[in-house]
């Protein structure tokens, strides 16, 4: 009985969880962004030549973005894991 109750509590707590990521495009950055329930990944996409990460794009995604040949991408599944790499 105790296991059933713990399972129900865990399912209830997890059901409303949404991931939090850093969100940034070329001009505007928001350090704290709540993703939709469908967006289960954080990502950071940057040019390989941009060593400082000044033009990095960060955000939430349902699937990991496919980088262009001159880009790098990092996808992760924990809150605010999409820092500069």
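Even glycines carry a Cβ here, placed using N, Cα and C.
Marked as disulfide bond by Swiss-Prot on the basis of similarity to another entry: 21-42, 24-29, 35-60, 64-75, 76-81. The signal peptide annotation in Swiss-Prot covers 1-18.
Feature annotations (Swiss-Prot) mapped to structure.
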residue : record         : Cβ neighbours (10 Å)
21      : disulfide bond : 27
24      : disulfide bond : 20
29      : disulfide bond : 12
35      : disulfide bond : 19
42      : disulfide bond : 27
60      : disulfide bond : 21
64      : disulfide bond : 14
75      : disulfide bond : 16
76      : disulfide bond : 17
81      : disulfide bond : 17
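Secondary structure at residue 35 (disulfide bond), taken from DSSP and collapsed to helix, strand or coil, is coil. Reduced to three states, the DSSP call for residue 81 (disulfide bond) is coil.
Taking the C-alpha positions, the distance from residue 21 (disulfide bond) to residue 81 (disulfide bond) comes to 7 Å.
Residue 60 (disulfide bond) has 42, 75 nearby among the disulfide-bonded residues 29, 42, 75, 81, counting only those with a Cα within 10 angstroms of its own Cα. Residue 75 (disulfide bond) has 42 as its nearest neighbour among the disulfide-bonded residues 24, 29, 35, 42, 81, going by CA to CA distance. Residue 35 (disulfide bond) sits 13 Å from residue 24 (disulfide bond), taking the C-alpha atoms as the reference points.
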